[in-house]
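Per Swiss-Prot, active site, proton donor is recorded for 37. Under the heading ATP binding site, Swiss-Prot lists 30-37, 148-151, 177, 185-188. Summarising the annotation, Swiss-Prot assigns (R)-pantoate binding site to 61, 154. Swiss-Prot lists 61 with the feature beta-alanine binding site, giving sequence analysis as the kind of evidence.
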C-alpha cells in the first residue's frame, strides 16, 4: 500500500493502472475510520482492481462553530486499518495541496435537494461537499466511487452533480453499517460520553418503531410526531424528523416507498440516521 500526499504523486502511482486499463475504485473519507468506512473499501475491492482512499478533513464543508479544528486526525491508525482491508493507495493531501494559496473563485452548488434537511441547518455544507468531491473525482478519475447511505442527502447531491456535469464514473451507495445496538456508525460517535452512548441507539429504535407503525397503517404525520416526542423525551434536541420520497421530494401517506430522516443533538454531538421503508397503504 502506498501513501501519496500530492496530486502529482497520486497521478504517478495511478498511471500504470490506467495504462493497463485497470478499474479504479475510490472511497473519499475524512479519516478517523470505522467499520462503515472499511465496508466501503471492501465493496470497492469486489468491483475494482485498484482502490484509492482519500483522507482529507475538508474545511469548506464545516460551518462556523462546527468541529473542524477538533475533528480527529488519525492517519497512522487509519493507515493500519486500510492496509488490513486491502487498500492500494491512500491519498492524504494538505489543505494547501487541495485548494492552493490563491483566492478560490469557483463554487459548485446543487439546488432544491439541498434546501432542507441538513441543508437548512448547515448552510453552505453541501456546497463544500460538492466542491471537494468534484476536485477529488478530477484528481483520482475513478471508474467507481463508493459512499455510505447514512449520509443519504449527501449521496443524492453527489449523484445529482455527477449526472449534471457528465462526470464519467458510477456512484455506488452502500447500506448503513450499524453497531450491535443499532446505532449508525459515525466518526462523531466518539464525541459521545458513555452515558450518551447508551442513549444514542434510541434514534434507530424510534425509526424501526415508526416503520412498524406505518406498516400498520398509522397516519404518517402522527408517526413523525411520535418519533420526535420519543427523541425529545430521551434528551435529544431534535433538528428534524422528516419523511421523503427516495428522490427527496416530500412524501405522503400514499407513497409506496419513503425514507425516514432524523437529525438530533445529544449533548454537543449531532447524529443523523435514516431508514428506507417499503410502505403499502392499508
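For all residues, glycine too, the Cβ spot is worked out from N, Cα and C.
Taking the features listed in Swiss-Prot, we show where each one sits on the structure.
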residue	record	DSSP (3 states)
30	ATP binding site	coil
36	ATP binding site	helix
61	(R)-pantoate binding site	helix
149	ATP binding site	helix
154	(R)-pantoate binding site	helix
177	ATP binding site	coil
187	ATP binding site	helix
Length of the line joining the Cα atoms of residue 177 (ATP binding site) and residue 61 ((R)-pantoate binding site), in Å:
23
Protein Cβ atoms within 10 Å of residue 154 ((R)-pantoate binding site), excluding its own
21
Would you count the other C-beta atoms found within 10 angstroms of the C-beta of the residue listed as 'active site, proton donor' for me?
26
Starting from the Cβ of residue 36 (ATP binding site), draw a 10 Å sphere and report how many other Cβ atoms land inside it.
21
So among the binding-site residues 30, 33, 177, who's got the most Cβ atoms within 10 Å?
33
Just how many other Cβ atoms lie inside 10 Å of the Cβ on residue 61 ((R)-pantoate binding site)?
21
About how far apart, in whole Å, are the alpha carbons (Cα) of residue 33 (ATP binding site) and residue 154 ((R)-pantoate binding site)?
18
What Cα-Cα separation, expressed in whole Å, is found between residue 154 ((R)-pantoate binding site) and residue 30 (ATP binding site)?
14
How many Å lie between the Cα of residue 36 (ATP binding site) and the Cα of residue 61 ((R)-pantoate binding site)?
20
Pairwise CA distance, residue 30 (ATP binding site) versus residue 61 ((R)-pantoate binding site), rounded so that it is a whole Å:
11
Going by C-alpha distance, which of the recorded positions 37, 149, 187 is nearest to residue 61 ((R)-pantoate binding site)?
187
